[in-house]
Amino acid sequence: MSTPATPAVPAPGQPPAATVPSVDVFGDLWPDTGVPARPGVVGAALAVGLLAALVIPEREPGIGFVAVMLAMGTVAFGPAPTRPYLVASFALAVPLASMFAVRDAAWIAVLCLLAAGALGCVALVDARSVPGIFASAFAPPLAAVRGMPWLGRTVKGVGRLGSLWPVLRTVVLSVAAVTVFGALFASADAVFARWADAVVPDLTVDTLVLRGFLLVVVGGITLAAAYVALNPPRVERLHPGEATPVGRTFEWLVPVGLVVALYVGFVLAQAAAMFGGHAYLQETTGLTYAEYVHQGFGQLTVATLLTLGVAAAAARKAPRGTARERLLLRVALGLLGLLTLVVVASALYRMHVYEEAYGFTELRVLVSVFEGWLGLVVLLVLVAGIRLDGWWLPRAAVLTGAAALLGLALLNPDGYVAERNVERYLETGKIDWDYLATLSADAVPALEQLPADVRHCVLVPGTEDGDVIAWNLGRSRADGTTLDASAGCPSS
């Protein structure tokens, strides 16, 4: 029978050690209690970082980069409980992240990657409101701090289980075996040596720092995202909740009514310009039609965004206690939404006319898609207004925005821009060679439709990238052709 342990008694004359209270800056918003140690998740994140260190440096983004991104997403989403919205987000994030193997245009591939990351953040924390969606973007960076106690528990747990040394020993022996036998086979066979050169990274001193940096950063980001999946912050606590309705109907109806009146005036001005023709427009404003439609696109886009804010504020503050109040809210927001759709259509038409007059660019195509997505959000607001229930709107806006960006990437924006400019050149003889030379390899197939006597103005022979890990569909279709405007062909 064991005797009870005697509690430690401080030495005579020595005060007991002071207990320092722990300070948790995250509080109830993000507690760390009850999060189990997950050695497998830590090991998987480390493996993803190692994969990034091996395949990313000294290569153009291609299937190797996509493999790293998909591995990061798999490890991050793995610990999360299965929910329909999470499954839909993951299904949409996979093709978005894969654009680095499909498109050579860096701008659209980067936007798609950012959209995939945003989808992941919203889905992992299960954000449902606008404040929660914005707060979700800060979850992975802050997880680097919030998850440190969990990481410490996991590492200590591995050490107590006695499994750390066998794992390290297995890794060392495996690396040694692969190195020795790989070197022997590479020296014995030229084909195997060529394969080995394509797979084995360059481990010179110049690249070791970069590879080490990628190992830490990519592995750390993956681990932080996985911790968010294991222990998501309670971002919905940031939502202010139901607002107190205004006491009198005119307090919300008058501002909304004035905005509606301004919209009506704008629509009448559009009708006057459309039916009055170029002569009326020139006499009234002194502008050509192309100049007229160009000057207002940005303002109309901002107006659409602000209108969504007005609709949200009215929906929060308008009283709904009686059937009359609910009907009034539906009518006011319905009119505002329908007039906003007219403004969206006007903005898109203005951009179309301007592109026909001055040519297509990547930015013009992108902002047109953005304006079209805003119009879709307005439609969703109208649908929500039927039942005055829009709890699903914020997440639907996120999904539709990501889907719109994916659709643009699948359209091949650089190829689309090149194709439209080639058509414009064949019809009018006007073209900007210097701008076309800034497009990516995605535009090469479309530019090959130029007449043979001017094709050299933008297309020149190049070298083809033979690295399988860096393979990219856009560069592969270009077949080694590059874009260059050094031939000196004058733009017209």
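Here the Cβ of each residue, glycine as well, is placed from N, Cα and C on the backbone.
TrEMBL lists 37-56 (among others) with the feature transmembrane segment.
Look at TrEMBL and you will find 63-79 (among others) tagged as transmembrane segment.
The annotation transmembrane segment is assigned in TrEMBL to 107-125 (among others).
Here TrEMBL flags 164-188 (among others) as transmembrane segment.
Tertiary neighbourhood of the transmembrane segment (208-230): same-chain residues 35-36, 38, 41-42, 44-46, 48-50, 52-54, 56-57, 68, 71-72, 75-80, 120-121, 124-125, 139-141, 143-144, 146-147, 150-151, 201, selected by CB-CB distance under 8 Å and a gap of 6+ residues from either end. Feature annotation from TrEMBL assigns transmembrane segment to 208-230 (among others).
Residues or ranges marked as transmembrane segment by TrEMBL: 250-276 (among others). Through the fold, the transmembrane segment (250-276) approaches residues 284, 292, 307, 310, 313-314, 317-318, 328, 332-333, 335-336, 339-340, 342-343, 346 of its own chain, all at least 6 residues removed from its boundaries and within a Cβ separation under 8 Å.
Feature annotation from TrEMBL assigns transmembrane segment to 296-315 (among others).
Taken from TrEMBL, the feature transmembrane segment applies to 327-351 (among others).
Away from its own ends, the transmembrane segment (363-385) comes close to residues 297, 300-301, 304-305, 307-308, 311, 315, 329-330, 333-334, 337-338, 340-341, 344-345, 347-348, 351-352, 354-355, 392-393, 396-397, 400-401, 404-405, 407-408, 413, 416-417 of its chain (Cβ-Cβ under 8 Å, at least six residues beyond either end). Residues or ranges marked as transmembrane segment in TrEMBL: 363-385 (among others).
Among the features that TrEMBL reports, transmembrane segment is placed at 392-411 (among others).
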